[in-house]
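Summarising the annotation, TrEMBL assigns active site, proton acceptor to 80. Annotation source TrEMBL lists active site, proton donor at 179. The active site, nucleophile feature in TrEMBL is assigned to 212. Per TrEMBL, domain 'CN hydrolase' is recorded for 31-307. For 1-22, the entry in TrEMBL reads signal peptide.
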């Protein structure tokens with residue numbers, strides 16, 4: 001007979017599984033981690049020094065994992081770069097990498113740590129999951145040897161991948177994902193030859209996973225949702241906030257609503273690099289979120305989500321994003337426009353000169369329509385209606401269509417499009433729509449102080465983004481953010497010579 005201690009994890013797992021099966025909801029957690037970074041160096045440190053740093057970060061993550069499990073969470077997501085940071089050359093990151101096998105090998109590193117060679121990080125993460133009876137999602141580095149028979153093999157004889165791993169509540173490795181869309185500074189990693197579409201089943205829904213920059217691209221993000229029909233996407237990220245459209249909480253909440261799944265977003269926390277903002281986002285809006293640019297502390301979030309959001313009676317209906325905008329006549333003021341830059345994207349803007357009005361702004365194939373009424377027209381604040389239809393990005397170019405009601409940084413129109421975090425103007429109503437050439441449109445409403453507006457706006461079936469009862473807080477932007485994936489240019493680093 002096995003000792004009672006040995007039976008305990010299995011009993012806890014069985015009870016947790018039965019509880020999840022009996023419910024149409026589950027408890028999810030994300031942890032925004034203030035990563036302990038290594039000292040910058042171009043030379044590799046010793047494996048023991050690398051592990052010492054990773055253990056410091058895992059000590060913090062373990063505390064969050066224990067707390068989440070004690071509060072009933074079934075799964076917890078931790079951030080991209082959350083175990084070793086990001087200050088690396090290709091050579092310097094090597095001591096931090098482990099060989100991560102394909103999950104088909106049916107491996108529990110916690111109980112069989114040496115099966116695939118040294119794997120102390122995988123072993124510890126596996127034990128965190130097993131000892132706390134919780135699914136654990138983490139981001140680490142994978143290494144794979146290659147040779148001259150592989151024409152793509154790097155000169156140093158190995159592939160290095162930015163990798164997400166998932167361990168189930170018994171500590172078994174159930175998912176491994178290699179990041180496909182690397183950000184421009186991730187020169188320490190390789191792209192996998194083909195995009196990976198990674199899913200796994202749990203007693204509380206079907207999950208998919210990808211990493212950070214991947215969310216902006218058709219592969220793997222849209223493929224995972226539209227073809228694999230996952231219920232929930234796990235999203236480790238190291239997201240640098242970029243106002244006015246790409247703050248983490250703003251865009252990630254909009255993506256979950258526009259694409260129609262749960263998104264468990266776990267961000268790194270580093271205020272010097274504008275990294276903050278995580279949350280639990282659903283097709284109906286955020287369950288909970290966190291944005292903190294003032295302190296250096298991490299944060300654990302928990303919330304209850306639907307296991308199968310598409311079956312929920314409150315699941316949003318399908319949207320015809322251009323239906324309303326293409327059915328109406330162009331409003332006056334279309335020619336009263338000026339150009340302004342949002343970062344390097346040249347928008348066509350029209351100033352909202354009155355307390356209330358109807359406006360149209362067009363650029364390329366996109367016309368944006370706005371009906372609005374301000375609570376009070378202030379002399380010290382300027383708002384514009386803006387349109388952008390074109391390619392974004394310097395090295396990697398991808399196509400956006402954006403309609404936005406936007407606060408300018410000052411009364412000088414040349415500041416329209418610059419980052420703004422605060423405002424004073426509330427709107428009694430607004431209705432924003434556009435002649436989008438895509439079904440992938442993400443609705444954003446951002447209030448003063450980088451706050452979301454859950455429950456205060458809706459998207460009608462004809463594509464109008466509307467306030468419900470006026471804005472309860474001053475408005476920074478209301479935006480419809482569209483992606484025309486088919487117009488993206490070939491990736492310059494993956495294109496055939």
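Using the three backbone atoms N, Cα and C, a Cβ is placed for every residue, glycine included.
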C-beta crowding around residue 80 (active site, proton acceptor), within 10 angstroms:
26
On the 0 to 100 scale, where does the mean pLDDT of the domain 'CN hydrolase' (31-307) fall?
97
Distance from the residue listed as 'active site, proton acceptor' back to the residue listed as 'active site, nucleophile', taken between C-alpha atoms, in Å:
8
Measuring CB to CB from the residue listed as 'active site, proton donor', give everything in the same chain under 8 Å that is also at least six residues away in sequence.
161, 162, 163, 164, 186, 189, 210, 211, 212, 213, 214
Please work out the number of neighbouring Cβ atoms within 10 Å of the Cβ of residue 212 (active site, nucleophile), leaving out its own Cβ.
26
